[in-house]
Amino acid sequence: MDSSCRTPPSNSWVYPTVILCLFGFFSMFRPSEAFLIPFLSEPSKNLTSPEMTNEILPVWTYSYLATLPPVFVLTDYLRYKPVIMLHVVAFATSYLFLLFGQGVMLMQTAEFFFGVVSATEIAYFAYIYSMVSPEHYQKVSSYCRSITLVAYTAGSVLAQLLVSLTNLPYSSLFYISLACVSVAFFFSLFLPMPKKSMFFHAKSDRDDCPKPLEQCTVPKEAQSNRTHSELFANSKNLEDREMSNPDPENSALRHFAHWFQDLKECYSSKHLVYWSLWWAFATAGYNQILNYVQVLWEHKAPSQDSSIYNGAVEAIATFGGALASFSVGYLKVNWDLLGELGLAVFSAVIAGSLFLMNYSRSIWVCYAGYLLVKSSYSFLITIAVFQIAVNLSLERYALVFGIDTFIALVIQTIMTMIVVDQRGLQLPVTTQFLVYGSYFAVIAGVFLMRSIYILCSAKCRKEVQNLATTRSPNEPHPQEPSNVSTKF
């Protein structure tokens, strides 16, 4: 039997996981993140609030949208590692522009590279799945995600301590972040180059392995929802399609056609569609909040005139979000029945928090509202990820995640062009948060109506079932109207 199909040693996953976690820690240890707007507001940069809000920050959204599609494809085609290295190079380039650049144009260039950073982040989370066997997926996912939360929290705490206790200039925080990103690049050099990837380079593993497909390339979550005969038949059909069209030039077309068919099958589920819609719309609004909340804080309490606690707030918010996400695993809830109601309730909490942040003059109320927003979103997005991924293989989950993220970026771009951009309405930051609050209120209203429909339908079905079980076996059953459907 080919050695490529043998069970890997029990410690074969340890080395790439450790290196990737070290990379993740230093790439996410960014003390500068919480003090970007105060830094740009300093006399040395001499940027006004309208320039930052309406001219500089929107570039991140446009750059993220423009670079995500090619990055999504190239990440898999290049097998992750080169894109991981590009991730930190873009980070370093952005920090260099922020530190040494002057004027709106160079700050826009820095935001462009921040967009590249955001787009290439997918390589960090996708890399490890190409290096370890499926039985380690849950463990390594936990490590890789947890280390980024720890690093971001630690960076925010350090930044707050340095600013509050030593009066360290904001620029020094960016030098620290630049040094950490450089260390992350050093660790990226030691990442093993994957021999396979999720889509483009998966065929080599099938060719090298005479076992059925489910033993080599299909994740366990996919196996739990298919029979062995179905998996073997699917693998045989896939091989037949590849053999019938051996031209290398058509390989990309085959992959894209296969992706399209997978997406068509995935989105045929109404349940997945509704959760994906919430994911896309809520993520678009949430990203807008993250992008402009520091501008709102600067408006409520200018950093030149008062003490600010952005770092402490970011640390607490990140920790609160982690706790909210962690709590999802211990909730015993019928999400099929009550999931949309949960989306409605917590979307309403986000909307109320944004209204409070807009109308209150207290910076502490703004901080508290932000904590509620971040915790509520982290709680809901964890549920959404679980609901979407529960019946999908890893490959299909990656596709759905990519499409949902792209749709969210399209929505966010439209929102930015209309609400924020100087070529649009160019609204002040306080009015923007009024718009974002109304946006989440609409989301809450839509899913509240959806949840009422689901609960009423479930109640009607239960009453019909109870009536059927209590009827005498000798009584004739009335004919059910053909135009009544209890499926939702």
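The backbone N, Cα and C atoms fix where each Cβ goes, glycine too.
For 1-8 (among others), the entry in Swiss-Prot reads topological domain 'Cytoplasmic'. When averaged over the topological domain 'Cytoplasmic' (1-8), pLDDT in the model lands at 42.
As annotated by Swiss-Prot, transmembrane segment applies to 9-29 (among others).
Among the features that Swiss-Prot reports, topological domain 'Extracellular' is placed at 30-54 (among others), with the record citing sequence analysis.
Per Swiss-Prot, N-linked glycosylation site is recorded for Asn46 (among others), and the stated evidence type is sequence analysis. Cβ neighbours within 10 Å of Asn46 (N-linked glycosylation site), excluding its own Cβ and spanning all shown chains: 11.
Residues annotated as transmembrane segment in Swiss-Prot, with sequence analysis given as evidence: 55-75 (among others).
Under the heading topological domain 'Cytoplasmic', Swiss-Prot lists 76-82 (among others), citing sequence analysis as support.
Residues annotated as transmembrane segment in Swiss-Prot: 83-103 (among others).
Residues annotated as topological domain 'Extracellular' in Swiss-Prot: 104-111 (among others). The topological domain 'Extracellular' (104-111): residue composition by secondary structure is 8 helix, 0 strand, 0 coil, according to DSSP.
The feature transmembrane segment is assigned by Swiss-Prot to 112-132 (among others), with sequence analysis given as support.
DSSP states for the topological domain 'Cytoplasmic' (133-145), grouped as helix (H, G, I), strand (E, B) and coil, give 12 helix, 0 strand, 1 coil. Summarising the annotation, Swiss-Prot assigns topological domain 'Cytoplasmic' to 133-145 (among others) and lists sequence analysis as the type of evidence.
For 146-166 (among others), the entry in Swiss-Prot reads transmembrane segment. A Cβ distance under 8 Å defines the sequence-distant neighbours of the transmembrane segment (146-166), meaning residues of its chain 6+ beyond its ends; these are 21, 24-35, 172-173, 176-177, 180, 307-312, 314-315, 318-319, 321-322.
What Swiss-Prot records for 167-172 (among others) is topological domain 'Extracellular'.
The transmembrane segment feature in Swiss-Prot is assigned to 173-193 (among others); the stated evidence is sequence analysis. Cβ atoms under 8 Å from those of the transmembrane segment (173-193) belong to residues 15-16, 19-20, 22-27, 29-33, 35, 39, 79, 81, 84-85, 88-89, 91-92, 95-96, 98-99, 127, 131, 155, 158-159, 162-163 of the same chain, restricted to positions at least 6 beyond its ends.
What Swiss-Prot lists as topological domain 'Cytoplasmic' is 194-276 (among others).
With a threshold of 8 Å between CB atoms, the same-chain residues lying at least 6 positions outside the transmembrane segment (277-297) that come near it are 34, 36-38, 49, 52-53, 57, 60-61, 308, 310, 343, 347, 350, 354, 357, 363, 366-367, 370, 373, 377, 380-381, 384, 388, 404-405, 407-409, 411-412, 415-416, 420, 429-430, 432-433, 436, 439-440, 443, 447. Positions annotated as transmembrane segment by Swiss-Prot: 277-297 (among others).
What Swiss-Prot records for 298-310 (among others) is topological domain 'Extracellular', and it gives sequence analysis as the kind of evidence.
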Among 55-75, 83-103, 112-132, 336-356, 429-449, which stretch has the highest count of C-beta pairs below 8 Å with the transmembrane segment (400-420)? 55-75
Using DSSP and three states only, what is Asn46 (N-linked glycosylation site)? coil
Long-range same-chain neighbours of Asn358 (N-linked glycosylation site), Cβ under 8 Å, sequence gap at least 6? Thr430, Thr431, Phe433, Leu434, Gly437
Give residue numbers and ranges for long-range contacts of the transmembrane segment (336-356): same chain, 6 or more residues beyond its ends, CB-CB under 8 A. 271, 274-275, 278, 282, 285, 289, 365, 368-370, 372-373, 376-377, 379-380, 383-384, 387, 433-434, 436-441, 443-445, 447-448, 450-451, 454-455, 458
Output the single range from 83-103, 112-132, 311-331, 370-390, 429-449 maximising the number of Cβ pairs under 8 Å to the transmembrane segment (55-75). 112-132
Tertiary contacts of the transmembrane segment (311-331) (same chain, 6+ residues out, Cβ under 8 Å): 31, 33-35, 146, 149, 152-153, 156-161, 163, 367, 370-371, 374-379, 381-383, 386
Remote residues contacting the topological domain 'Extracellular' (357-369) - C-beta distance under 8 A, at least 6 residues beyond either end: 296-297, 300-301, 306, 308-309, 313, 430-431, 433-434, 437
Under 8 Å between C-beta atoms and at least six residues away from its ends: which parts of the chain pack against the transmembrane segment (9-29)? 84, 87-88, 91, 124, 127-128, 131-133, 136, 140, 143-144, 147-148, 150-152, 154-155, 177, 180-181, 183-184, 187-188, 190-192
